[in-house]
Amino acid sequence: MPKNSKVVKRELDDDVTEPVKDLLSNEDSADDAFKTSELIVDSPEEKDTDVEEGSEVEDERPAWNSKLQYILAQVGFSVGLGNVWRFPYLCQKNGGGAYLLPYLILLMVIGIPLFFLKLSVGQRIRRGSIGVWNYISPKLGGIGFASCVVCYFVALYYNVIIGWSLFYFSQSFQQPLPWDQCPLVKNASHTFVEPECEQSSATTYYWYREALNISSSISESGGLNWKMTICLLAAWVMVCLAMIKGIQSSGKIVYFSSLFPYVVLICFLIRAFLLNGSIDGIRHMFTPKLEIMLEPKVWREAATQVFFALGLGFGGVIAFSSYNKRDNNCHFDANTKEGG
């Protein structure tokens, strides 16, 4: 029997005057309304979601309170020991200005594009280093774990250096400084300068005998250095307090941790200008020896410094950018970071 036979029978039995065309139009409008409601429910414009295949869970990842916190976090992640200590050392080691040119070339060709790529990947996927690589491909998840292991080992010796800094800071509230002069040794007959200190220097002696309290050989443990143990524990407590609430706590810390190194660098710069021979050092710094640029070692160390200074391969850049909104202008952020 044809499908419209029921409609014809309804018209004959119940004297229905409504035509078949109107009935069909009502059904079409109902279907359209149902389809429209489906589109409204599943519309991605209503909320920012991080949807995988077969998943409709809303992404509740926190975001930075301000753009300034994010920029300072990225800058503070880069301005560390790699720039304050290692970069001047590599410049002096590789001929001063001869090292700057390979560094700038590799920074433009390799550093900035990779840095921008990490910013965009972390911002789009909105996950940490492990989650990003698992999202790209589960077979690449080991890269994310490797970057976390690298960060772990770097944090171990960075906190040791922070512990050393806390120790020297606590000992600096003395006049004269304890490492200003060699200690005196008294015996029954007379007083003399410590022979070991006299053969080296006051600062070297204080570093090895007072701060580190090293043993005579690597086979001897030397016991527990309780002063450094307390300083190291204080360093880890400071890190835990800064990270205990994620970016909600670390976002406030960056106002100090990112800006204070620049204050210290400015103080170092002023002090360096006041030293004898500072002009000769600046001249050596910016006078390139072109013959050194032909050595592959210079280019290799320049490339290493680019990766180390920008934090490429550590996972921190991806982690920081993952707390941005997806519509953030990460291209502008990359240019701002490199300009700073």
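Each residue, glycine too, has its Cβ placed from N, Cα and C.
Source: prediction; values computed, not measured.
Here TrEMBL flags 1-60 as region 'Disordered'.
Taken from TrEMBL, the feature compositional bias 'Acidic residues' covers 43-59.
Long-range neighbours of the transmembrane segment (70-88) within the same chain, counting only residues 6 or more positions beyond its ends whose Cβ lies under 8 Å from a Cβ of the stretch, are 64, 158, 161, 247, 250-251, 254-255, 257-259, 261-262, 264-265, 305, 308-311, 316-317, 320-321, 323-324, 333, 336-337, 340. Taken from TrEMBL, the feature transmembrane segment covers 70-88 (among others).
The number of other CB atoms found within 10 A of the CB of Asn83 (Na(+) binding site), across every protein chain shown, is 15. Sequence annotations record features per position, and here TrEMBL assigns Na(+) binding site to Gly76, Val79, Asn83.
Sequence annotations record features per position, and here TrEMBL assigns transmembrane segment to 100-121 (among others).
Counting same-chain residues at least six beyond the ends of the transmembrane segment (142-169), those with a Cβ under 8 angstroms from any Cβ of the stretch are 80-81, 128-134, 211, 227-228, 231-232, 234-236, 238-239, 313-316. Sequence annotations record features per position, and here TrEMBL assigns transmembrane segment to 142-169 (among others).
Sequence annotations record features per position, and here TrEMBL assigns transmembrane segment to 224-244 (among others).
Same-chain neighbours of the transmembrane segment (253-274): 69, 72-73, 75-76, 79-80, 84, 242, 281, counting only residues six or more beyond its ends whose CB sits under 8 Å from a CB of the stretch. As annotated by TrEMBL, transmembrane segment applies to 253-274 (among others).
With a cut-off of 8 Å between Cβ atoms, the residues of this chain six or more beyond the transmembrane segment (302-323) that come close are 61-64, 70, 73-74, 77-78, 82-83, 86-87, 90, 94, 99, 102-103, 106-107, 110-111, 114-115, 118-123, 125-130, 132, 144, 147-148, 150-151, 154, 247, 330, 333. Under the heading transmembrane segment, TrEMBL lists 302-323 (among others).
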Quick note, Gly76 (Na(+) binding site): same-chain residues at least 6 apart with CB under 8 Å of its CB -> Val254, Ser257, Ser258, Pro261
Students should find that the Cβ of Val79 (Na(+) binding site) has, within 10 Å, a number of other Cβ atoms equal to 19
